[in-house]
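What TrEMBL annotates here:
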TRANSMEM  12-32  transmembrane segment
TRANSMEM  52-75  transmembrane segment
TRANSMEM  95-115  transmembrane segment
DOMAIN    108-254  domain 'Phosphatidic acid phosphatase type 2/haloperoxidase'
TRANSMEM  176-196  transmembrane segment
TRANSMEM  208-227  transmembrane segment
TRANSMEM  239-261  transmembrane segment
Amino acid sequence: MASPIIQFILDFVALVIVWLPVLLFFLIGDPYKRGFYCFDESLNYPFKDSTISSLVLFLVGVFLPVLSMITVEWIKYSQGRRGRYLPQKLKIGKFTLHPLVIELGHLIGAFLFGAGCSQLATDVGKYSIGRLRPHFMDVCKPNLELLCPPGVSPTKYIEDFTCVEGDAYLLKNSRLSFPSGHASFSAYTMMYLAIYLQARMTWKGSKFLRPVFQAIALFLFWFTALSRVSDYKHHWSDVLAGAALGITIATLTALYVSHLFKFVPEDRLLTGDTKMDQLNGMRSAATSSEFSPMKSVIVDNIL
């Protein structure tokens, strides 16, 4: 097994590998130049400002899950009722990393890795397909009188045209409709948050507290996705594809990249209070005859 330092370096390199292409797409990406049909009403909607700006999407999508992880993990650690793995303190030279910091590094790192995969998959679709946004005509303003004169077939496909006016960024952005980046990013971040809360927020004081938080997260995603259609930023199929992409990657990341649902041996659990001692005894009884990760997870959720 690689040392913690080597593992950290490799994980950091993996994050860079995922996020660097996303940055390159944004800076120098050139979308596929797709044409349009004469009299295509789906491209003639007016340009509107976004209800949910990209900045708000990023801030809420990143900081809400990260702050939730910090809060939940700190509460579980401070109360000594964790029931899941926390690594031992790690010494790097003269510095000693607290086990809670190491655990948060694993959780947040997995979250950011999945977010990068989701965004990269979205950008690959955007730039390779180049679907025109519903407000494309309003931004590009091609000379339709020349391109589509009276009597021309409505099925005539126009590829050779020039945009009369428009900001360079808006013109590039108007070709990036499929899939919806807002839908995929909000779906990934909020779905991952809902899965995280299901796995780690195991407090039994209220039956509805956790579902309320999960519902809020999913409602934020739902509102964001709907706003992309009402703002004429995307066709409904763009939003559907983006949402499916984000949800799929969030689920795969939570199950196979993070260790949210992985079984942990007893000797790596936090101990120190009566409830934890009882939990260890219950786990030993549950697994004495047959090893079962599912039994362990059920016992973990008792406290």
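Each Cβ is built from the backbone N, Cα and C atoms, and glycine gets one as well.
TrEMBL entries are annotated by machine, without manual review.
Within the same chain, residues 100, 103-104, 107-108, 111, 115, 182, 185-186, 188-190, 192-193, 196-197, 200-201, 213, 217, 220, 223-224, 227 sit at least 6 positions outside the transmembrane segment (52-75) and bring their C-beta atoms closer than 8 Å to a C-beta of that stretch.
The stretch with the most CB contacts under 8 Å to the transmembrane segment (12-32), chosen from 95-115, 176-196, 239-261, is 95-115. Beyond its flanks by at least six residues, the transmembrane segment (95-115) meets 8, 11, 14-15, 18, 61-62, 65-66, 69-70, 73-74, 77, 85-89, 185, 188-189, 192, 196, 249-250, 252-254, 257-260 of its own chain at Cβ-Cβ distances under 8 Å.
Within the domain 'Phosphatidic acid phosphatase type 2/haloperoxidase' (108-254), the DSSP-based counts of helix, strand and coil residues read 98 helix, 2 strand, 47 coil.
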